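Below you'll find the structure, written out as structure tokens, and then a few comments.
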Amino acid sequence: MSLFLSFFISILLCFFNGATTTQFDFSTLAISNLKLLGDARLSNGIVGLTRDLSVPNSGAGKVLYSNPIRFRQPGTHFPTSFSSFFSFSITNVNPSSIGGGLAFVISPDANSIGIAGGSLGLTGPNGSGSKFVAVEFDTLMDVDFKDINSNHVGFDVNGVVSSVSGDLGTVNIDLKSGNTINSWIEYDGLTRVFNVSVSYSNLKPKVPILSFPLDLDRYVNDFMFVGFSGSTQGSTEIHSIEWWSFSSSFGSSLGSGSGSPPPRANLMNPKANSVKSPPPLASQPSSSAIPISSNTQLKTSSSSSCHSRFCKENPGTIAGVVTAGAFFLALFAGALFWVYSKKFKRVERSDSFASEIIKAPKEFSYKELKAGTKNFNESRIIGHGAFGVVYRGILPETGDIVAVKRCSHSSQDKKNEFLSELSIIGSLRHRNLVRLQGWCHEKGEILLVYDLMPNGSLDKALFESRFTLPWDHRKKILLGVASALAYLHRECENQVIHRDVKSSNIMLDESFNAKLGDFGLARQIEHDKSPEATVAAGTMGYLAPEYLLTGRASEKTDVFSYGAVVLEVVSGRRPIEKDLNVQRHNVGVNPNLVEWVWGLYKEGKVSAAADSRLEGKFDEGEMWRVLVVGLACSHPDPAFRPTMRSVVQMLIGEADVPVVPKSRPTMSFSTSHLLLSLQDTLSDCNTVALNSSRSSSWSVPEHNVIIRSDDDHLV
């Protein structure tokens, strides 16, 4: 008990010294907590700093936390320690036009924004504007600003000429990749050291990319605003802040874990921050010099001696503090006991289930999801996933519109498949993956809650919409799915094999950005480990032939499925065309899409595979490139298929497309007793036929192939 009392007294003494602690974090950035300037906007919990346009433009946007934060103690000007973790992405709609970047910024000004272009929205014309401290992530090498290259991080004070810079290529980070990038920015007010770390992983690197001494109190006022600024410079870059946390305190170092994301999950709803109605911003002079550490030694004993004098001169006050501390601790313990007893009495839950999903984002109550879906009314059904029905729901507390997937299977095996979706996607974060908001396990039900995608699934946009999906949207969708798969295969902690990439599992947001969903069949594999044989499952037309025969899913099986999606999106035809009398296709056309496109490629007219509904409104060079990439991904031999990272590079023009043979190769899979050709596996659009007439001691059992209908739709 004495330990708690000592801690409580030390906290109260911090208040006597006028110290202020600030802490906040967001999963869905609430508009009430943010101040948006310029082109900045909030959509689906993501802050966009610049405009989402397909034509080159110049603009700037800024987002700030709405309350000023104390950065110096009153009187002493002692600097705060702070830590900020955030996830961001920089995507280029048109890879040929690059220029701009974003910055984490600390500024006394919450009402103005700098100019577009290379200034990142930080400064006005000719470098004018308010004072600031910033960490920039720059995608353009500007000699006027002494940039080291077009892929760097830099530390700026009152201008965009960085005093310290780091090449992100040295840590294998590509700002323009479109992938989610995590950054940790930390300042220790005791040691006066400023650190910047960057990674694709949720784990903070052991060695920061920037680390240098800094007297922060020379460059900040007592109160400052924190946030982000971004700009474009005649480009189509989109700068997005996907998640953000911030914490600060006086008189102590923030631990190494400060500002890090919660374990393998997206974050919860915004927490109430501890900022206490600070006084108006003081107008303090700020040096414009580039930060160079002084040799000023920090007298850490001064605060403790101050505490000692206070204790000697005010014994009555200290006694009162101790008494009050004991009372409030007892009150706090009683409140905790009451809250937890109510929680445990509320509903029975499976302990084993809770341990499996400890990494998931948020737990919803069955009551609120039932109310949000009108008692799971049939009128709210918007699709069917691999293992459940998907409902449109409205969360009663927030009014957010969500998609609720309800497990429709009672067997434990099916529930385990359903749970795999939760355990996998809950640990992932990428702008082209459907975001899992939370879960519920009550009354024998398993429910998953996702962001609702207003434009539905890709297959509905292709085949059921009254409007033709334009070529620019199709290109963006294919690039988004490729980026998501590249992330799953090589850029997250454990490799994730999706195993069910198809158009009905690709969702479209309000801007027709692709979001890959349905991880019910996905499997996690440690990098560089061989996959184990499992039951082959998926949808005919998207399944790689070697996966059908061996049951071993690898990243190349996902590549094959992606190739089928590419050809489907470009041609407007399903991988296996069941209706040969569709008006826009001639009667007698090969029902197998890959074979049909490969035949056109052999004849030198592969662009004829383009969807006739596009009416020729596309660039033929782009069309040819995308179709050849689709054929390369559809190669019967997995060894000749590209990786998804190389596919991304091909689509944006950073790499040449591979040489694809004019005739479709005939790949055979054999053991000492079996030779089974590709045609044997894909000749039937509804079944998988194994030629039993061949003499063999080895076979693929019929129950090892699960074919799913193209009518499966999910979120």
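Here the Cβ of each residue, glycine as well, is placed from N, Cα and C on the backbone.
For the residues ASN195, ASN455, Swiss-Prot attaches the annotation N-linked glycosylation site to ASN195, which does not rule out the feature elsewhere.
A mean pLDDT of 76 is what the model gives for the topological domain 'Cytoplasmic' (339-715). DSSP gives ASN195 (N-linked glycosylation site) a strand state. Comparing ASP500 (active site, proton acceptor) with ASN195 (N-linked glycosylation site), their Cα atoms are 41 Å apart once rounded. Long-range C-beta contacts of ASN195 (N-linked glycosylation site), restricted to its own chain and to partners at least six residues apart, with a cutoff below 8 Å, comprise TRP184, ILE185, GLU186, TYR187, ASP188, PRO208, LEU210, SER211. Counted within 10 Å of its Cβ, the other Cβ atoms near ASP500 (active site, proton acceptor) come to 27, all protein chains included.
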